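Enquirer: Before I ask anything, let me first share the structure, which is written out below as structure tokens.
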Amino acid sequence: MFASNIARRACRTSCNRPLRNCRFNHSQPASSQRTEESSTTHFGFRTVPEEQKESLVKNVFDSVASSYDLMNDAMSLGIHRLWKDEFVGLLKPGAKGPQKCIDVAGGTGDIALRILDHARERYADRETTVDVVDINGEMLKEGYKRFKKTMYHNTPQIAFREANAQALPTEQFPENTYDLYTIAFGIRNCTSVPDVLKEAYRVLKPGGTFACLEFSRVNNPLLSTAYDQYSFSIIPLLGTILAGDRVSYQYLVESIRRFPPQPEFAQMIADAGFTTGGMFEGKGGAWRDLTFGVAAIHTGVKL
Ligand SMILES: C[S@@+](CC[C@H](N)C(=O)[O-])C[C@H]1O[C@@H](n2cnc3c(N)ncnc32)[C@H](O)[C@@H]1O
């Protein structure tokens, strides 16, 4: 009887499916729905109980995993590749000798591959290692398949581990372990950004670098309007055409708009204990804008 009640009620999100068919957990029993006392967070433009966000995000990435790389290219017109190149180029992995790196929310391994290639091609370094960590096994599987075709497969240079960025298990990820912590297009999907930063600080060695590449804020009003129009009309449409999945891509766009703007995020990094540049953009500053602020690189050092 409970199931048929659920089926009759429509999902109130943009998916508009009967609740029974909705992939975004609305078909949970009433007991797990939001209560007055529970804390809430955002999931795209929706407000949801904190404890639900992780499974909602997991559903999104389960759904997009197999089409993720193709969609990334289509959505950003290939520009995400340039941003990722610039991100890794800025960090210069291997320049000062082999490094122990962790790429959190590493998904299909885009950043890990660039780190290892950069170290090898620029500095003939075959000892730098990357642990790719993600909460989603499906994304890691895609990454593993991809690395199978590379020279790093079956070497100590790469490992894939399923874990939550907000609570990295201490036995697997002890404190003061890594020289470089990267997170690209992942932190906005996490329920608690301060918890992710706290964990990053814990696992980095003193002197280690935290680096985040994330969608950010376009400050120019004209560009910002054009960007909004592109994001909210074209991206969900591409999601429908290329991946048969409008809802997940609508979430991805909404989640970008909910992420704090550059100065606010820089302050959160400083509050977690990292030494950052000044609270401004560019040389000597805490962040660097890419493509007018569509994305930004934030860095901090654990002293
Ligand atoms: C947009 S993808 C980015 C993947 C990759 N870093 C890249 O740049 O292509 C976001 C990733 O964050 C992961 N993720 C979301 N929440 C997470 C969490 N709490 N802990 C670890 N990974 C998480 C997702 O599973 C997904 O693989």
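A Cβ is built for glycine as well, from the same backbone N, Cα and C atoms used for every other residue.
Pulled these from TrEMBL:
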| type | residues | note |
| --- | --- | --- |
| BINDING | Thr108, Asp134, Asn164, Ala165 | S-adenosyl-L-methionine binding site |
| REGION | 25-46 | region 'Disordered' |
Enquirer: What same-chain residues, at least 6 away in sequence, bring their CB to under 8 Å of the CB of Thr108 (S-adenosyl-L-methionine binding site)?
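Expert: Expected: Ala65, Tyr68, Asp69, Met139, Glu142, Gly143, Arg146.
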Enquirer: Determine the Cβ neighbour count for Asn164 (S-adenosyl-L-methionine binding site): the number of other Cβ atoms within 10 Å of its Cβ.
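Expert: 18, counting other Cβ atoms within 10 Å of Asn164 (S-adenosyl-L-methionine binding site).
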Enquirer: Please list, in sequence order, the residues in the chain of Asp134 (S-adenosyl-L-methionine binding site) that are at least six apart in sequence and whose C-beta is under 8 Å away from its C-beta.
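Expert: For Asp134 (S-adenosyl-L-methionine binding site), the qualifying residues are Val104, Ala105, Gly106, Gly107, Leu140, Gly143, Phe160, Glu162, Ala163, Gly186.
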Enquirer: For S-adenosyl-L-methionine, with binders Thr108, Asp134, Asn164, Ala165, what's the maximum Cα separation in whole Å?
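Expert: Spelled out: the longest distance between any two Cα atoms in Thr108, Asp134, Asn164, Ala165 is 16 Å.
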Enquirer: Using DSSP and three states only, what is Asn164 (S-adenosyl-L-methionine binding site)?
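Expert: Assignment for Asn164 (S-adenosyl-L-methionine binding site) reads coil.
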Enquirer: Helix, strand or coil by DSSP: which one applies to Asp134 (S-adenosyl-L-methionine binding site)?
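Expert: Reduced to three states, the DSSP call for Asp134 (S-adenosyl-L-methionine binding site) is strand.
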Enquirer: Count the other Cβ atoms sitting within 10 Å of the Cβ of Ala165 (S-adenosyl-L-methionine binding site), across every protein chain shown.
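Expert: Other Cβ atoms found within 10 Å: 26.
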